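Encoded as structure tokens, the structure appears first; notes follow it.
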Ligand SMILES: Nc1ncnc2c1ncn2[C@@H]1O[C@H](COP(=O)(O)OP(=O)(O)O)[C@@H](O)[C@H]1O
Ligand SMILES: O=P(O)(O)OC[C@H](O)CO
């Protein structure tokens, strides 16, 4: 007999792959399926996705995960969606056809346009209303690029023929058969068009970027029924879609960081540290972002975020670019085979530096090379760079929020690396906790969906489901830690000074 459930499905639409996961009511993984899709690099620094590829990868993984689980569709209580954030899609309201590829969050399409728009008044307006910065990372700059570079898009948008959405909106629109144009507050808070204090699209910002209000989705909470999936996509059942959050906020939720001061760091392609600041939107004076953590019922909570653009991808570069490794996992043994980097530092500013520096013009550098520098030293320096960047962000966070972090919950593919986890704990001087389920992004989306349809009743119940895999306690002497960190800071300063202008 097939298991009765209830089960919850999470769709985790990430930058390089889509994943569908099925969870039971204890928060345990029943099955999962994953598909990569094509990354399109039309020019140096530009990254695009085909919106239809994304949709297909989601539909295929949904079906595969259900087959693997061997459960009835009727046992699924709800579907949650979590997504790569900021990535921008524009499509025709009538035909559903995208007008162009999706412009991906990392892409620098709109970098020049941002420089041309920059002024003290614009910077202040953006920061005050959105908690963000004027940077090509965010959606409104990508929309403006589409208006300026793709023929007819501005005019069609002005005539009300086009819709805009981040990937969550694009998926919900399609999975509900073109009936529902919504997003949630967390995704809205990454567009540069949303007032995070007043909770609404902001007319001044719409005017600044030339965006007609008619193309915007309705903004909703993170845990409610938005619509029902078309039965043809889900074994004949119109299951509710009832959870939406951007992937980093979903991970914060999946890590059960529900109290102000609790923080998580996700070590994937990039690294995103978010600290819950509760009902208070804490403005950053140290290069972080203020963002919405979630909205449950009428309650809104905020987070401080440090966005690091290159983390796990530095290991991919060692593997595919320098061919120093066959597999990412080998980096652990390689780093552990030497006692230190012998003062080699690698600053992986491949696409500039994100938080807290925001320097899109700088590029990566390696310092301290000697005749004795080996492959192992470089691998270790690459892993250490993730930990140093995280310390930069944490220092900014503690200064902004005026608190000292007690522990850091960590997740994402790269934190399976024990060397990195230990070095990170050493470098921060706080315990690092690794949960049993490191797919916390999908788990968070499942929790949000399950809360909306009664699979779980409360956040307290969810917090009790969090389980530790391993705890890493700081073991490095403070004097060594500070000496190493000073070396990193010098390396970053030197990187930012090159080439001399
Ligand atoms: N054992 C490991 N040590 C170091 N880095 C790793 C390890 N395993 C995976 N990675 C890195 O982590 C990233 C994959 O993590 P994942 O959470 O799947 O990323 P994303 O969701 O951003 O695609 C890759 O960049 C990979 O190089
Ligand atoms: O797809 P990921 O996990 O690399 O996350 C991307 C972030 O949401 C970008 O802001």
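Cβ coordinates are placed from backbone N, Cα and C, and glycine is handled just like the others.
TrEMBL lists 15, 85, 86, 137, 247 with the feature sn-glycerol 3-phosphate binding site. DSSP gives residue 247 (sn-glycerol 3-phosphate binding site) a helix state.
Secondary structure from DSSP puts residue 269 (ATP binding site) in coil. What TrEMBL lists as ATP binding site is 15, 16, 17, 269, 312, 316, 413.
Taken from TrEMBL, the feature ADP binding site covers 15, 19, 269, 312, 413, 417. Following the DSSP three-state reduction, the secondary structure of residue 312 (ATP binding site) is helix. The number of other CB atoms found within 10 A of the CB of residue 312 (ATP binding site), across every protein chain shown, is 23.
Residues or ranges marked as glycerol binding site in TrEMBL: 85, 86, 137, 247, 248. Annotation for residue 248 (glycerol binding site): spatial neighbours 85, 266, 272, 274, 305, 441, criterion Cβ-Cβ under 8 Å with sequence separation of six or more.
Residues or ranges marked as domain 'Carbohydrate kinase FGGY N-terminal' by TrEMBL: 8-254.
Sequence annotations record features per position, and here TrEMBL assigns domain 'Carbohydrate kinase FGGY C-terminal' to 264-452.
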(request) Find the one among the binding-site residues 269, 312, 316, 417 whose C-alpha lies closest to that of residue 15 (sn-glycerol 3-phosphate binding site). (result) 269
(request) Report the residues of the chain - excluding 15, 16, 17, 269, 312, 316, 413 - with C-beta within 8 Å of the mean position of the site's C-beta atoms, for the recorded ATP site, in sequence order. (result) 14, 268, 313
(message) I'm trying to understand the geometry here, so how far is the Cα atom of residue 19 (ADP binding site) from the Cα atom of residue 247 (sn-glycerol 3-phosphate binding site), in Å to the nearest whole number?
(response) 12
(request) Filter the candidate list 85, 86, 269, 312, 316, 417 of binding-site residues, keeping only entries whose CB is under 6 Å from an atom of ligand 1. (result) 269, 312, 316, 417
(message) Out of the binding-site residues I have (15, 85, 269, 316), which ones have their Cβ sitting under 6 Å from ligand 2?
(response) 15, 85, 269
(message) Other than 85, 86, 137, 247, 248 themselves, what residues in this chain have Cβ atoms within 8 Å of the centroid of the glycerol site's Cβ atoms?
(response) 84, 87, 105, 190, 246, 272, 307
(message) Give me the count of other Cβ atoms within 10 A of the Cβ belonging to residue 86 (sn-glycerol 3-phosphate binding site).
(response) 27
